[in-house]
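Pulled from Swiss-Prot, these are the features on record:
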ACT_SITE  HIS193  active site, proton acceptor
BINDING   29-57, ARG99, ASN138  NAD(+) binding site
BINDING   ARG106, ASN138, ARG169, THR248  substrate binding site
CROSSLNK  LYS57  SUMO2 cross-link
MOD_RES   ALA2  N-acetylalanine
MOD_RES   LYS5  N6-acetyllysine
MOD_RES   LYS5  N6-succinyllysine
MOD_RES   LYS57  N6-acetyllysine
MOD_RES   LYS81  N6-acetyllysine
MOD_RES   LYS118  N6-succinyllysine
MOD_RES   LYS118  N6-acetyllysine
MOD_RES   LYS232  N6-acetyllysine
MOD_RES   LYS243  N6-acetyllysine
MOD_RES   THR309  phosphothreonine
MOD_RES   LYS318  N6-acetyllysine
MOD_RES   LYS318  N6-succinyllysine
Amino acid sequence: MATIKSELIKNFAEEEAIHHNKISIVGTGSVGVACAISILLKGLSDELVLVDVDEGKLKGETMDLQHGSPFMKMPNIVSSKDYLVTANSNLVIITAGARQKKGETRLDLVQRNVSIFKLMIPNITQYSPHCKLLIVTNPVDILTYVAWKLSGFPKNRVIGSGCNLDSARFRYFIGQRLGIHSESCHGLILGEHGDSSVPVWSGVNIAGVPLKDLNPDIGTDKDPEQWENVHKKVISSGYEMVKMKGYTSWGISLSVADLTESILKNLRRVHPVSTLSKGLYGINEDIFLSVPCILGENGITDLIKVKLTLEEEACLQKSAETLWEIQKELKL
């Protein structure tokens, strides 16, 4: 019996789908779904895969996304509880984990999420042994270390979203004070994605003009303009959003899409992301924290050797020590 499809379409050649930019997102909570939307809007993937243990929510989110396909050039979107669906991914983004509670620091989350990673990582590496891993789950620096150890991947292919968002917040707050768009404000936050992060005031500039040349005490407690409050807002804003709306999602998802674009398009842009930092700035342990990295199709290809002041380097070492105090107690 003839069907509409057979009457409409004549097969011309057999084809086998080959996905060059397959992205898998593990976890369809508020962050995972926001990452999916941000990546779809940038048109970065030719197949997007969603994985979650909550099958009902997973199917609902997948259908909701699929039904928007007429409004954008949407790739194939598939989902499953089974990690087989992630096979041959170019990039796997991990957002799954226990949600941060009100008043809970990112470091308090760690042991609850380590056990979740022990279930996820072996499944991911089994089906996508050549993928890059982008870790988003908090505490992101320690869990990027956990993913590196559990996966056995080379260090360049295990990346934490780290301080890419912190640096964006930093630039935004600087821009708000100066009346300049954040894109034109250049500055980095390094170290832990969290309370011990380090603002690199010595490198903050607008159009190549270092703000430290205009105010040598910028960012210190001697600064009459109290620019240190900018960094305090970077740290507190995440907690404030969790208190007000229960979670954060849009800022981090746009940050993840930004990192994804650099990786899949081999842009070799510089991002402050979490990577193995042993041997840098006097750090002697296998600590993952954010330093400026060049991102491309092989993950982290190079690091930028930023010259820090003695005070900034001391703060970075203290940030590493903060992470090490937790990390050394982990049971992998």
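Glycine is treated like the rest: Cβ placed from N, Cα and C.
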Inset, instruction - Work out the three-state DSSP category of THR309 (phosphothreonine). - result: coil
Inset, instruction - Go through THR248, THR309, the listed recorded positions, and name the one with the sparsest Cβ surroundings, counting other Cβ atoms within 10 Å. - result: THR309
Legend entry - Among ALA2, VAL33, which are recorded positions, the residue with the most C-beta atoms within 10 angstroms of its C-beta: VAL33
Legend entry - Site of maximum Cβ density within 10 Å, from recorded positions LYS5, LYS81, LYS118, ARG169, HIS193: HIS193
Legend entry - In sequence order, the modified residues (ALA2, LYS118, THR309, LYS318) whose C-alpha falls within 10 A of VAL53 (NAD(+) binding site): none
Legend entry - Among ILE37, LEU41, VAL49, VAL53, which are binding-site residues, the residue with the most C-beta atoms within 10 angstroms of its C-beta: VAL49
Inset, instruction - Could you check which of these recorded positions, SER45, ASN138, THR309, sit within 10 Å of the residue listed as 'active site, proton acceptor', going Cα to Cα? - result: ASN138
Inset, instruction - Could you say which of the binding-site residues SER45, ASN138 has its Cβ with the most other Cβ atoms inside 10 Å? - result: ASN138
Inset, instruction - Output, ordered by sequence, the same-chain residues six or more apart from LYS57 (NAD(+) binding site) with a CB under 8 Å from its CB, or 'none'. - result: THR28
Inset, instruction - Taking the Cβ of GLY29 (NAD(+) binding site) as the reference point, list residues of the same chain whose Cβ is under 8 angstroms away and which are at least six residues distant in sequence. - result: THR95, ALA96, ARG99, TYR247
Legend entry - Integer Cα-Cα distance in angstrom, VAL33 (NAD(+) binding site) to LYS243 (N6-acetyllysine): 20
